[in-house]
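Peer 1: Below, the features straight out of TrEMBL:
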| type | residues | note |
| --- | --- | --- |
| BINDING | CYS26, CYS110, CYS209 | [4Fe-4S] cluster binding site |
| BINDING | HIS55, HIS88, HIS138, SER237, SER238, ASN239, SER282 | isopentenyl diphosphate binding site |
| BINDING | HIS55, HIS88, HIS138, SER237, SER238, ASN239, SER282 | dimethylallyl diphosphate binding site |
| BINDING | HIS55, HIS88, HIS138, THR179, SER237, SER238, ASN239, SER282 | (2E)-4-hydroxy-3-methylbut-2-enyl diphosphate binding site |
| ACT_SITE | GLU140 | active site, proton donor |
Amino acid sequence: MDAFSPSPAAGLRPLTVRMATPRGFCAGVDRAIQIVERAIEKFGAPVYVRHEIVHNKHVVDRLKSLGAVFVKDLDECPDDRPVVFSAHGVPKSVPATARARELMFLDATCPLVSKVHVEAERHHANGRHIILIGHAGHPEVVGTLGQLPQGAISLVETVEDAESFQRPGDRPLAYATQTTLSLDDTSEILRVLKRRFPELPDPHKEDICYATTNRQEAVKQLANGSGLVLVVGSKNSSNSVRLVEVALRAGAGNAQLIDDASQIDWSWLDGVSTVGVTAGASAPEPLVQAVVQALQARFDVTLADDPGEQETVTFKLPRALTV
Ligand code: SF4
């Protein structure tokens, strides 16, 4: 650019854009996507995937274009093609059915969800009744409930549920949580349960995973002082929806969930001088960068990376894909 060229930002209104750290993909999502990609490479298309592999429209659409076929249940899968189970985990009946049909299956359940399953089984084996804190109908909750016989786990969704929960008989209690809940809501529910059932372990042992924790802490930092927080993620992504709630509760003037830049309503920016940008654990970074570019096209943007937790967690792929 020569000295006489106007600045690209000439005439544009100044806007500070603060980027959350960390944001976007977690180790469990990264592993699940790699499992589908590698399965297609190794076995050819189509590879069937039971349920959305992770809750992100763009990820699902890209995998479809590579040869993944997404189905709701195993009865939609032919006997001669591999099937992948999603990162959210599945009830025990699903791998059992796959084995009975001699299907080739790959389990993309996040190891941190599997850990919750193992703990639930341990509590059950020790004669405890389990309280599961989570959202009814979410695939992770369906998967965790499906690890044990019916009636072994009671689902508690809210503080009101925690107040009205009735212990079945005099069995000792234990609890587990969905990995993608709001830390603050969960502490509140646990506080009530602990008051009613003091023998429950202290409420700092919830199963909310590192990625959910770090993204919620990062958005809290951003929210204070941001007139708007944009959360890149899909509507059915539990951890992305939680980021919007956490941002609003932490003081953001407005917080909106968007699948991508095309969903920005530019009137949200009216009167806003600072925008925070983050992404749920299933949202790809290129979508975040496209949001930044859309902001840069309309404003004189000063970009700032918020300091935050550096994540180094990685999970191994199943052996069937590495040998
Ligand atoms: S959000 Fe947490 S539990 Fe879910 S896939 Fe990512 S790391 Fe695993």
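Yeah, the Cβs are placed from backbone N, Cα and C, and that goes for glycine too.
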Peer 1: Ligand 1: which of the binding-site residues HIS55, HIS88, HIS138, SER282 have a Cβ closer than 6 angstroms to it?
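Peer 2: Cβ under 6 Å from ligand 1: none.
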Peer 1: Enumerate same-chain residues with a sequence separation of six or more from HIS138 (isopentenyl diphosphate binding site) and a Cβ-Cβ distance below 8 A; give 'none' if the list is empty.
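Peer 2: Those within reach of HIS138 (isopentenyl diphosphate binding site), by Cβ under 8 Å and sequence separation of 6 or more, are HIS88, GLN178, SER238.
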Peer 1: Using a 10 Å radius around its CB, how many other CB atoms surround THR179 ((2E)-4-hydroxy-3-methylbut-2-enyl diphosphate binding site)?
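Peer 2: For THR179 ((2E)-4-hydroxy-3-methylbut-2-enyl diphosphate binding site), the 10 Å Cβ neighbour count is 28.
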Peer 1: Three-state secondary structure of THR179 ((2E)-4-hydroxy-3-methylbut-2-enyl diphosphate binding site) from DSSP?
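Peer 2: Note: THR179 ((2E)-4-hydroxy-3-methylbut-2-enyl diphosphate binding site) is coil by DSSP, not helix or strand.
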Peer 1: I'd like the number of other C-beta atoms within 10 A of the C-beta of SER237 (isopentenyl diphosphate binding site), please.
Peer 2: 26
Peer 1: Of the binding-site residues HIS55, THR179, SER237, which one sits closest to CYS110 ([4Fe-4S] cluster binding site) when you measure Cα to Cα?
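Peer 2: For CYS110 ([4Fe-4S] cluster binding site), the closest Cα among HIS55, THR179, SER237 is found at THR179.
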Peer 1: An 8 Å radius from the center of the CYS26, CYS110, CYS209 Cβ atoms defines the neighbourhood of the [4Fe-4S] cluster site; name the other residues of that chain inside it, in order.
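Peer 2: What remains near the Cβ centre is ALA27, GLY28, VAL29, ALA87, LEU112, VAL113, THR179, THR180, TYR210, ALA211, THR212, ALA281.
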